[in-house]
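This report concerns only the one structure given below.
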Amino acid sequence: QNNPQVCPYGLYAEQLSGSAFTCPRPTNRRSWLYRILPSVCHKPFQPLQEGHLTHSWDEVEPDPNQLRWKPFEIPKAPQNKLDFVSGLHTLCGAGEPRGRHGIAVHIFVCNTSMLDRCLYNSDGDFLIVPQQGKLLITTEFGKMLVEPNEICVIQQGMRFSVEVFGETRGYILEVYGAHFELPDLGPIGANGLANPRDFLVPVAWYEDRQVPGGYTVISKYQGKLFAAQQDFSPFNVVAWHGNYTPYKYNLENFMVINSVAFDHADPSIFTVLTAKSTRPGVAIADFVIFPPRWGVANNTFRPPYYHRNCMSEFMGLIKGHYEAKEEGFQPGGASLHSMMTPHGPDADCFEKASKAKLEPERVAEGTMAFMFESSLSMAVTKWGLKTSNRLDKNYYKCWEPLKSHFNPNRR
């Protein structure tokens, strides 16, 4: 029974619903939490300064150029203490949370742990990609240690607090109106890409702790932050059951699919998680990785080809050197190639790959790059273009040395 008249141990039953009650069973998400006090016990929410967190996409004029950012700077703790919430900076996005359709890309830089405060996102799901420093994330469902080369998803409405162990940085993909799920495999068959067994969820952990000085519960609601006070820890869930949970995944467990004859398969073969739109085959957002793998294609230009796309492509680098741009694209930095903006390997990469001996080779050894890809046309914030002071204004120059090799008499 989910909701007995009197719960064992004198607990309160509380349901957390991540989908409409009447969703089809395969997509219906909910969990029952059994807690010492229900989450309704708090003072009224009051506005909280949101800093560089925004969903206003009209702060600056649109910019269709290829954009690249140098690694985002982490403030030093003595001068400027930032925890996970105060260290959130919105870089780009589209749509808006009230209409329940859209995405946002955030950068987090922090140097101190959240103390007696937690966050929950009323607007959507957070897919968190740590790049430097590990995160110990306490949730209502239990704890998760998430290190670089792992990801975690905190779904809509779940309260969590982040402990860090020094200077910490990473990326967040926020999705409004849809949840992340595994992509369909089609002709790949039953096994491949990210396998369900490798996704880990917390086990119940609780603290029965009074906080006389006040515990702050922060809600991200309609793109703004609000804070409420209560006198006890929100992580007082003694037990839970259900299928609406936070979870984490180690990117090393990804089963890579690749071409073994010639040409490229589309980069969709590297999709770890997808948030589907209502149009079949079109995602609000895909989370895609480019892990270490073998390159064996015959008579083929092996790096990513030159490309224009009806999707927006935001890329980040967790570690190593991305194969198409070994210089300039650095861990902790990012790039954005907007809809129909051309992009591809830099001149140095093109020359090397055009002359390389085509034998089996390891690609991206020691590297993990990723992409947030979206069918939405993303706008960049004022912080991203100006305030951060990390925009690489010379990015376009990496293609300038490309030269014509055309010879009409050559066969």
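Glycine residues also receive a Cβ, built from the backbone N, Cα and C atoms like all the rest.
Here is what TrEMBL records for this protein:
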- 1-251: domain 'Homogentisate 1,2-dioxygenase N-terminal' (DOMAIN)
- His264: active site, proton acceptor (ACT_SITE)
- His307, Glu313, His343: Fe cation binding site (BINDING)
- Tyr322, His343: homogentisate binding site (BINDING)
Alpha-carbon spacing, His343 (Fe cation binding site) to Tyr322 (homogentisate binding site), which is rounded to whole Å: 14
Cα-to-Cα gap, Glu313 (Fe cation binding site) vs Tyr322 (homogentisate binding site), nearest whole Å: 15
Separation of alpha carbons, His264 (active site, proton acceptor) and Tyr322 (homogentisate binding site) (Å): 17
Densest Cβ neighbourhood among His307, Glu313, Tyr322, His343 (binding-site residues), 10 Å radius: Tyr322
Cβ packing number for the residue listed as 'active site, proton acceptor', 10 Å threshold: 15
Mean per-residue pLDDT computed across the domain 'Homogentisate 1,2-dioxygenase N-terminal' (1-251): 96
Neighbours of His307, Glu313, His343 excl. site residues, C-beta within 8 Å of centre, Fe cation: Pro304, Arg308, Asn309, His337, Thr341, Pro342, Gly344
Separation of alpha carbons, His307 (Fe cation binding site) and His264 (active site, proton acceptor) (Å): 12
